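The structure appears below as structure tokens.
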Amino acid sequence: MRNASRVVHVLLSQCGSPRSLLPRSWPSRVLLPLNSASAKRVATAITWFQWLLLPSVYDLSCPKAQQTAKGVIEKAFYKDRRMAASLLRLHLHDCLVKGCVGSVLLDSSGTIIGEKQSNPNWNSARGFEVIDEIKAALEKECPETVSCSDILAIAAAGKRLRCSGNTPNICTE
């Protein structure tokens, strides 16, 4: 990620010492050796990876990522009420095969069958066009920033579809 050092700098400036960056649930014996430079790097790395799992991970590098994706998702839900379940299932299919890495989005090449066209997903997984539309919108907003696996997660996570009449509404937590 291009802004990695900037984010680590922001984390350190807001949180103070690397000791304060570690989870409070860690036993004190883990916190004891944090005086050495290598231990501080480990604490920063651990916190960096924890930060990557937060929904706010793109707040610095692409502040409108959630809003941009939400607009595309709402439009897709309005067109097809089943899309909420389809996007959740697409994310599940991605995560079942060697982790959530966006591999379900890979197309086939001349010699290799991609997950998108593989037997378990053929005529089963749907919603690829919505993911492509989200990706295109995010590339316009902030090029080469949001990963495909994160787009799948954004599309699937935290959205519930509530229907009132013929108009679906998006409910966020």
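Any Cβ shown, glycine's included, is placed from N, Cα and C.
Curation plays no part in TrEMBL annotations; they are all automatic predictions.
Only one of CYS62, CYS95 is recorded by TrEMBL as the disulfide partner of CYS142: CYS62. TrEMBL names the disulfide partner of CYS95 among CYS100, CYS148 as CYS100. If you take the Cα of GLY99 (Ca(2+) binding site) and the Cα of ARG89 (site 'Transition state stabilizer'), they are about 14 angstrom apart, rounded to a whole number.
HIS93 (active site, proton acceptor) sits 9 Å from SER103 (Ca(2+) binding site), taking the C-alpha atoms as the reference points. All protein chains included, GLY99 (Ca(2+) binding site) registers 10 other Cβ atoms within 10 Å of its own Cβ.
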